[in-house]
Amino acid sequence: MTRKQAIDYAIKQVPQILPLEESDVKALCEQVLSTSSDDPEQIASKFLEFLGHEDLSFEFVMKFNELLNQNDKKEEKKTKNVHLEHTAPTSWKNESKQPTNNYINKKGDEKPKKLKDEKKSSTTRPTVQPSNQSTQSNPIKEKKEHRSKGKLQSLQEIDEAIKMLELRDSGSSKNCNCQGTRHPVFDIAPNCLHCGKVVCVIEGLNKGKCGHCHEQLISDNERTQMVEILNQEKNELNGSSSSLSNASNGANVPKKKTKTYKITSGMGKNLFAEQDKLFDFIERKRERERKRNEVLKLQEEKEESEAKERQASEHDHKAEENPELLAAQERLDRLLYFQDTSAERTKIIDNASDFDMNQEVGLWGSARERALALKKQQRNLRKWEKVEKERNGRREKYVVSMNIGSNGKVTMTEVPKDTENVIAGSDDDISDISDEEDISDLKHIHALKSEINTTKSLENLHLQSKAWDYERDKKQFDRPTYVKKNSDTAQQNRKTEEKAHDMQAYDLKSRVQVDQNADASVEQNILAVL
C-alpha cells in the first residue's frame, strides 16, 4: 500500500466521524502529514484535535499510522531489491547458482571480493546488503500479512487487549493530569482506589500506575483473570470462525438417519393387511416411546425436587448460621430481579380509567345516576373500539358528499376522523353524528340527564319549603291526663289476690304421695318415691 491508499482509507473513514467532503479530508491529511514530519505521535495528536477523543477516532488514527509504517517498510524493501538487481556482480550471480544449503549457511558478515569495482560503479547508490537477508525476510512478512488478513476484527481487538494487560514494565510512562477532561476516562479503572485521582486513557494504558500516589490501578490477580477471560473469548471466536469456514468450504456434516420401513408383498399376500400390521407396529412403538419419556420426565422431576429440597435445607442451615447474610442475599436477588424486569413491571395499561365516569355518581348515587354513568361508559368503549379498528386498517368510510359530473363521473369526498380525542362527550350534538347506535345512546343519555335534573330540582324545592311552624307542631301532640286511684279499691284488690293465691296452694298436690295406712310397708313407700 502507498501513501495515496492511506489517504483513500482516511477519505472513507473520516466522514463517519465528521461530516466532511472528500476534498476537505484530502486537505486535512496533506496538512497533517506535511506538518508532522512522519512522526506517529504528532499525527495522532493532530488528528485527535480535529476529530475528537472518541473510540472511532482512536481506531482511525491507529490504523492510519499502521498503514504509513507498512508503506515505509515496503518502500525500503523495494529500493533494496532494485539496487541488488542493478548492482549485483558476476561473482554473486555465480554464488547464487550454488545449492540452497550452502547459500543459507553463509554468514552475514562475509564481504564480497570485488568491493573496489562496486564502489567505482555505484558511487551514487547506497550500500548493498547481502541478498540472503532480503530473500529470507520476504516470506516471513508475507506469512504475517496473510495471517493478519485471515483474522476477524474482534480477534484483533482481543489480541490488542491481551498485549496491553501483559505483565511487563513499559518504558514509556506518561503522567497526565487532565482528570478526564481532555482525554476519555480509563474504563477499566476510572479512578485510583488509594487517592481517588481520575485516570484518563493515556495514563492508564501507557503507565498502568497512578501518577499521584504511584499505586497500581489494576491488581495482578485482576489482570490474570482478565487475560484468561479474553483468551477464552478468543478461543470461542476461533472455533466459531473455523466452523463457519468449514461450512463455507462444504465440509461433510453428519446427517440424521431416517428410519424406513419396507413392506414385501408376494403371492397370496394382502398388501392392505401388511400395511395395517406395520401401522399397528409403529403406533405401539410410539406408545412405548411416549411412556418411556413420561417415566424419564418423572425421574427428572423427582431429581429436581430433591435438589430443591437440598438447596432449601442448605439455605435453612445458612440462615441458622448467619441470618443477616441470608437477608442481604435475598434483598440483592430481589433488586436484581426488579432491575431485569423494570420495563415490564413499570408499564401500566389502564384503559378502563379513561372511560370511568363514576366520579360524578359516588357510592350513594341514585339508580338514574348509575344508569347514566353506565351509558356513558358503554358509549366511550364503543368509540374506543372503532378507533382501534381504524388504527389496524379496518376503518369505516364516512362519505360526506357525492357529486355526479357532466361526463357521468361520480366523485365522493371523505373526511378523516379525529382519533386523538377518544373520550366521547355527553353533550355532543346529535346532528353531527351519523352512527345510529351512538345517536340512540346519546338520546338516552340526554333523557336520563333531564330526569335527574328534574328530580334534583324538586328535592331542592321540597327542602327549601320545609320551615318549622310552632302552631302546626303543637297540634300533633295531646296534653297528658292523670287519673287518681281510691284507697278502698286498692285494699279490696289486694285481698282478692291473696285469696286466689291460697286457693291455688290448697288445690296443688305434692308430687310424692305416701300411703297413710299403717298396714302398708316401708318398701312400697320407697318404691313409690323412686
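For all residues, glycine too, the Cβ spot is worked out from N, Cα and C.
When Ser342, Ser426, Ser450 are looked up in Swiss-Prot, the one carrying the note phosphoserine is Ser426; the rest have no such note there, which does not rule it out for them. Among the candidates Lys46, Lys163, Lys509, the residue that Swiss-Prot annotates as ubiquitin cross-link is Lys509.
For the region 'Disordered' (290-323), residue counts in helix, strand and coil come to 33 helix, 0 strand, 1 coil, using DSSP.
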